[in-house]
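First the structure, in the form of structure tokens, and then the observations on it.
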Amino acid sequence: MDIFFSGSIRGGRDDVDLYGKLVDLLQQHGTVLSEHVGTEGIEADQKEAGLSDGDIHDQDVAWLQQAEIVVAEVTTPSLGVGYELGRAVAWEKPVLCLYRPDAEHELSAMVRGNGAVEVTEYRTPAEVESVLDEFVRRHR
Ligand SMILES: O=c1[nH]c(=O)n([C@H]2C[C@H](O)[C@@H](COP(=O)(O)O)O2)cc1CO
């Protein structure tokens, strides 16, 4: 199963270690096309590889279109994540958003209020394991 994982990059990298753990969990279920979201130093790597913002956008949207399911960590607000969610919903992909309610930012109504998006609140990656199992099973 092809999975797109979405998480903040230019919106702020405070949660990158957590993204890495979520990517590891998702890799038990299939191929995470956007695994770089959970890797430290990707911006420097992309710069070194000479990728323009246009290249990043086009590759990202291609992976998003290819994915069978989309899982997003939405605690750190990110324009790119919001954009990916909007496109995933428009393509009628199953979308699961993971949100930590103790965070500084309240989750956008455009996500929580979207009937086409499932939102799960959690505190630790361990709590998410069974949620991911169940989400994948339903959409396999
Ligand atoms: O360098 C990048 N590579 C990349 O894949 N993205 C995609 C994947 C992430 O889910 C999302 C993050 O958006 P933002 O950078 O606005 O926080 O956009 C975003 C950037 C930078 O905007």
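Glycine residues also receive a Cβ, built from the backbone N, Cα and C atoms like all the rest.
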According to TrEMBL, which candidate in Glu40, Glu84, Glu134 joins Phe4, Phe5, Ser6, Gly7, Ser8, Ile9, Arg10, Tyr19, Ser108, Ala109, Met110 at the substrate site: Glu84
Cβ-based isolation winner (fewest other Cβ atoms within 10 Å) among the binding-site residues Ser6, Ser8: Ser8
Contacting binding-site residues, sequence order - Phe4, Ser8, Ala109 vs ligand 1, Cβ under 6 Å: Ser8
Ser6 (substrate binding site) - helix vs strand vs coil (DSSP): strand
